[in-house]
Amino acid sequence: MKEAIKIGLLGSGTVGSGVVRVLRENMEEITARVGTRLVLAKVLVRDVKKPRPYLEGVELTDRVEDILEDDEISIVVEVMGGIKPAKDYMLRALAAGKNVVTANKDVVAQYGHELFDMAEAHDADFRFEASVGGGIPIIMPLKQCLTANRITEIMGIVNGTTNYMLTKMSECGASYDDVLKEAQEKGYAEANPSADVDGLDAARKAAILSSIAFNTRISLDDVSVEGITKITPDDIAYAKNLGYVVKLLAIGKETDEGINVRVHPVFLPEEHPLASVNGVFNAIFVRGNAVGEAMFYGPGAGSLPTASAVVADIIDVARDIVNHSFGRVNCTCYRKKVLCPIEKTRSSYYVRLLVEDKPGVLGAIATAFGNADVSLQSVIQTQRDKKEHAEIVAITHCVPHANILTALDVLNALPVVSEVRNLIRVENDRG
Ligand SMILES: NC(=O)C1=CN([C@@H]2O[C@H](COP(=O)(O)OP(=O)(O)OC[C@H]3O[C@@H](n4cnc5c(N)ncnc54)[C@H](OP(=O)(O)O)[C@@H]3O)[C@@H](O)[C@H]2O)C=CC1
Ligand SMILES: N[C@@H](CC=O)C(=O)O
Ligand code: NA
């Protein structure tokens, strides 16, 4: 058997502790699969005094140099999170010729190219399977198993926290604040959970997935983002009555007008394959010109599921080391493609309005939509709040986003419209 391969772990929180557990519990199989033993040599944490019984016998440090300058460590696993200092540590590790495995979508989405360049320059591996979809294999399947395809669409539920929240709010009418707290307690949420609920976490994943799917660099700034903070129990109830569920989707599409990448809540028909993806589960639906439709499903966050992806990357890198192989798939963004602005994207919409309850209101609203070139598929009216007010819910036909924005301006200016309460896309298109 070859010499043991030494690992330095940066961070030992939710994901890091899972990595330690998987490496320990599956050590026998892992050793057989790699052909040599993997040894967790050192772990970097902020607070070395914090009790961590699962790390008994492992050297803890709060000095990153202890890992980066240790010539015996050949794999550095970054599971600290955030951009600073994680990005710098990874670049330094790669510059020292060490292989890097990370779960950090913040860094990959914004600075992936720098890390890839550094990895290539130093003939090192840079892997990030856990950065999208937690335990679901999706990065390597896109780069390897689906690489024969021209991918036209990638659409997914990629944030476990918000999917958990929307599921609980829909199934048992739980309050937004309570379910967010639960998701945090279960270790799903980011250190600052606004990244989850504001859609940023999903946007980072959308940028990573689209860059790989369309072979062009999509940066976080190219993604149009809207989170779930404006979704109310009323929207969820209307969705149910109309045969939909509310989901936060990450969508990347290549159309004749360019690539559009966006994250926003949608009304999904109950029979859509993504509609039954509940709780912390994620799913990523891919359309390729050879494979047709493929969907990847599994736990999108949490200690052990995420560790499953991290440790798989570690094993792959270790196999490269053992076999002296050069089969690395480096950066796949070899094209520069045009982006399609959000205004040109097309969708049906759900529009909820609070209006004065008096004769002629429905007509005025229909005219306002018509003047903006937005045709309506259905309209329902319910009595709300005070007697003199009613709520109108309209579902539009598929129209350019620019038209719906114009319609909202016109509606807002109508004296009978007291408030535009929400605007949510309706995803009816499966073609
Ligand atoms: N949680 C999840 O389900 C998933 C998380 N991820 C990603 O994995 C990464 C880690 O997430 P998670 O485990 O939840 O985060 P945690 O906050 O639970 O853990 C972070 C760990 O990193 C250490 N750390 C943070 N900053 C520093 C620093 N400056 N110097 C030294 N140590 C530091 C902390 O040390 P100490 O213990 O001393 O505080 C802690 O051990 C993030 O990039 C996240 O986005 C990806 C998929 C799923
Ligand atoms: N906060 C993220 C963790 C995994 O990436 C999520 O909820 O999906
Ligand atoms: Na994954």
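Backbone N, Cα and C atoms are what each Cβ position is placed from, and that goes for glycine too.
Here TrEMBL flags K205 as active site, proton donor. Annotation source TrEMBL lists NADP(+) binding site at L10, G11, S12, G13, T14, V15, G16, S17. Sequence annotations record features per position, and here TrEMBL assigns NADPH binding site to K105. If you look up TrEMBL, you'll see E190 marked as L-homoserine binding site. The feature domain 'ACT' is assigned by TrEMBL to 350-425.
DSSP labels the residues of the domain 'ACT' (350-425) in these numbers: 24 helix, 34 strand, 18 coil. With S17 (NADP(+) binding site) as the anchor, the candidate recorded positions are K105, E190, K205, and the one with the nearest CA is E190.
The residue listed as 'NADPH binding site' has a Cβ environment of 27 other Cβ atoms inside 10 Å.
Looking only at the domain 'ACT' (350-425), the predicted model's pLDDT averages out at 93.
Taking Cα separation as the measure, G13 (NADP(+) binding site) is nearest to E190 of the recorded positions K105, E190, K205. Same-chain neighbours of the NADP(+) site beyond L10, G11, S12, G13, T14, V15, G16, S17, judged by a C-beta within 8 angstroms of the site's C-beta center, are, in sequence order, L9, G18, V19, V79, M80. Looking only at the binding-site residues G11, G13, G16, the densest Cβ neighbourhood within 10 Å occurs at G16.
Closeness to ligand 2 is met by E190, these being the recorded positions among L10, G13, G16, S17, E190, K205 whose Cβ falls under 6 Å from the molecule.
Annotation: V15 carries the greatest number of neighbouring Cβ atoms among the recorded positions L10, S12, V15, S17, K205 [cut-off 10 Å, Cβ to Cβ]. DSSP gives V15 (NADP(+) binding site) a helix state. Distance from the CA of E190 (L-homoserine binding site) to the CA of T14 (NADP(+) binding site) is 10 Å.
Its Cβ placed at the centre, T14 (NADP(+) binding site) has 21 other Cβ atoms within 10 Å. Rounded to the nearest whole angstrom, the C-alpha distance between the residue listed as 'NADPH binding site' and K205 (active site, proton donor) is 7.
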